[in-house]
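Peer 1: This is the structure I want to talk about, given as structure tokens.
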Amino acid sequence: MQSSFTSQAAQESSGQENVPLHTLPVKKLFEQLDSSERGLTSEEARRRQEKYGPNDTTGVKRSSAVVQFLRLFLNPLVAILLVAGLVSAILGDPVNASIIISIVILSNILNFVQTYQSQNAVEKLRANVSPKATVLRDGAWTELPRRELVPGDMIRLAAGDLVPADARLVQSTDLHIQQAALTGESLPVDKNADDIEAPTESFAEVHNCVFLGTSVVSGSGTALVIAIGRDTAFGDIAVRLASRAPETEFQRGIKGFGQLIMQTVFFLVFFIVLVGVLGRHPPFETMLFAISLAVGLTPEFLPMITTVTLGRGALRMAKQKVIVKHLESIQNFGSIDTLCSDKTGTLTSGETRLEGHLDLHGHESERVLLFGYLNSANETGIKSPLDEAILHYRKLDVSAYHKIGEIPFDFERRSLSVVVQHEGETLLITKGAPESVLEHCTAYEGDGERSVSEESRTAYANTYRDLSRQGYRVLAVAYRSISPQDKYRPTDEQGLVLCGFLTFADPPKADVAQVLQALKNDGVQVKIVTGDNELVTHHVCELVGLESSRIVLGSELEHMTDPALAQVVEEVNVFARVSPAQKNRIILALKSRKHVVGYIGDGINDAPSLHAADVGISVSTGVDVAKDAADIILLESSLQVLHNGILEGRKAFGNVIKYLLMGTSSNFGNMFSMAGAYVFLPFLPMLPTQILLNNFLYDLSQVTIPTDNVDASYIKKPQHWDIGLFRNFMIIIGPISSIFDFLTFFMMLWIFHAGPVLFHTGWFVESLATQTLVLFIIRTAGNPLRSRPSRMLAITTLLIVAIGIILPYTPLAGPLGFTPLPLLYFLFLIGMVITYLLLVELVKRRLMKRYA
């Protein structure tokens, strides 16, 4: 790892190694990085991007199209087939060789084109929500993708921003940085641009630098980028985190499915080779037949079908204003059965209005408004909706007040203070949760200042509760005179004088009750997890029809064991006055009960919960920290948008399952039939080239599965991965396919007295027809006559069957080893296909009932 406080760019410019940049004056740093306070030009930035690469901690670049295409040929089975084709050509069979090589190349072209198009489409969507940085380019501040930063750039930081690179502060104002990702220290640290003389290796002591992977809690600043990507202090940590990303249920399921198929392939290939050796079949013929059989059974299009299906799902979700950052999260998104969210912006409109600025007698007070305004206008943390409501209520002239200090908001104190000077007096003005502020008040404003008694404290607490019961969010405002000092701390918030209350209205959304019911009908339970008090929360829940007869408070959670909490989260829908750490506990408790949990968060302290949830969901207006931690980004803060996205996620998952069920049923049955026929036939049941062609046409019919419709009944409940379903489809429906294959063998040998060529042709057509048309049965858990497939799927499937039937009558018949079939054959074929589909439908219904 690059030394935490050195820079490759600075070393190259200065000719010195291991320059401790935090000890250099800013002017010297500008010289070393050939930059200035005016930043870089676009042309110079482009040149440095070419030299240093993207500001990307993974260091992983997407391969070029050519490399991705050629990589498909590294598949062991594909490579063996290509070698076999070359051997065939050398042995004097160029026709057979060209057919094998052509089919392999066509399969890979189809695979590549579909996958590449889907990847490009998804990357364009992801770019819309990629992390941005505010950069000084060509003398103007502009927002650019974080990847485009280079050493020497000037960046601007504000509350809620992710620090986009390692940088040396040039200027700062009350800047507090959360460095837990680097140091493990949970409390924010102060940062300023002052020089440090002595070198240090401790992040905590480097107050004049900010580091990639940290975030701005409050304040602002400008900084000079000194290191990017892998050269940052966070670079190696990020790589290790990326390499240990936990697998989703979907990824684990795909891996389990792959293992199931490969075990089956190994068994069949071993069986073929054993029979070939014992039956004295030609070795090359046996090897080619076994490999072709393995290719036929291996779902080589699985990565492509998965990518295309999830990619199409991501595109459909984007139309519903839902952006997917990680394709694998789509399945988890569709599996959500519990959704945790704050009420603000989810149940309510999020358009908070200041309704009243009241003194302690309930009368409108300009003094309360002024103090509230001064607090909101001068705080440098993230402006909450309450701050915005105060500032938009009325424009006040506060030019005579000069800010000299600040105590940022934190969730333990649930308050924030600013320190201002006015006409020689220094005032500390505090605004926050009434119970927290009241606790630190020793006096209140009446006719002058009066000492707080237990009676008055109870009276004001009751006033606050009455306002809360009416649905108002309430903040208390207090102040005290204080002497000027270098730094102000939470301990200074003592001996306050209670001034009054600010009341806010945030009405419920018009459609939220219907959306909550729709989510419930579709198997998603909504739980409200909020920092607001229980009275306001209960009022809002009553208005929208959300059960809230029991509300659990953060103070109760404090004393609960994890097993006790796991029981409570099953029974309770609403949690109030909870801290970010307690939200995390609630999510983990739900997961311990096997729930798939979605969490909606857009604030700076939501990142841990977004990480802890199965699906982290943020909104496009959220802070960078939240958006970076989320899997899903909503372009509109709406439960309806979220509901639509969940349904699209279920559709995408449903189409992937269709492909896997096809691969474990009829396709497996056909390959099993080939292995069985190899035992008793004096010739190959199907030529290797015919197996490859059959498999190619079958795969071609599956390519349109991502376009298919999904039954409304399927998306009515969360869907989960079940490897047992695939195993049973393989064991039960696969043999049904084999029964009809063996009936075809009997028909061809004893009714049509077929030789090898006619036998190959008859079975090729029958196997392609049955394994392709059965898609109309397997694609739905219900009655296939009442479930309409997509037009593209229907056309492709029928077209593939038609191609299989027509091939023996074309000029390609000879090279492929086909011959025209007698008319009577097609009567048998129609009867067998219909009987086969009916039998599969009956068995499928019993299986689906078991796994419903």
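Glycine is no exception: its Cβ is also placed from the backbone N, Cα and C atoms.
Automated prediction, rather than curation, is the source of TrEMBL annotations.
Residues annotated as compositional bias 'Polar residues' in TrEMBL: 1-17. The feature compositional bias 'Basic and acidic residues' is assigned by TrEMBL to 28-53. Positions annotated as domain 'Cation-transporting P-type ATPase N-terminal' by TrEMBL: 20-93. Among the features that TrEMBL reports, region 'Disordered' is placed at 1-59. Taken from TrEMBL, the feature transmembrane segment applies to 72-91, 97-116, 260-281, 287-311, 725-751, 757-778, 790-811, 823-843.
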Peer 1: Per the definition of 3+ C-beta pairs under 8 A with sequence separation of 6 or more, do the transmembrane segment (725-751) and the transmembrane segment (823-843) touch?
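Peer 2: Yes, the stretches contact each other.
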Peer 1: Hey, which bits of the same chain come close to the transmembrane segment (757-778), Cβ under 8 Å, at least six residues off its ends?
Peer 2: 658, 661-662, 665-667, 669-670, 673, 681, 683-687, 690, 693-694, 697-698, 701-702, 705, 737, 740-741, 744-745, 747-749, 784, 789, 793, 797, 800-801, 804-805, 807-808, 817-821, 825, 829, 832-833, 836-837, 840-841, 844
Peer 1: Counting only residues 6+ away from its ends, which parts of the chain sit with a Cβ under 8 Å from the transmembrane segment (97-116)?
Peer 2: 65, 68-69, 72-73, 78, 81-82, 84-89, 300-301, 303-304, 307-308, 688-689, 692-693, 696, 699-700, 703, 815-816
Peer 1: Mean pLDDT for the domain 'Cation-transporting P-type ATPase N-terminal' (20-93), rounded to an integer?
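Peer 2: Looking only at the domain 'Cation-transporting P-type ATPase N-terminal' (20-93), pLDDT averages out to 78.
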Peer 1: Going by DSSP, how much of the compositional bias 'Basic and acidic residues' (28-53) is helix, how much is strand and how much is coil, in residues?
Peer 2: 16 helix, 1 strand, 9 coil
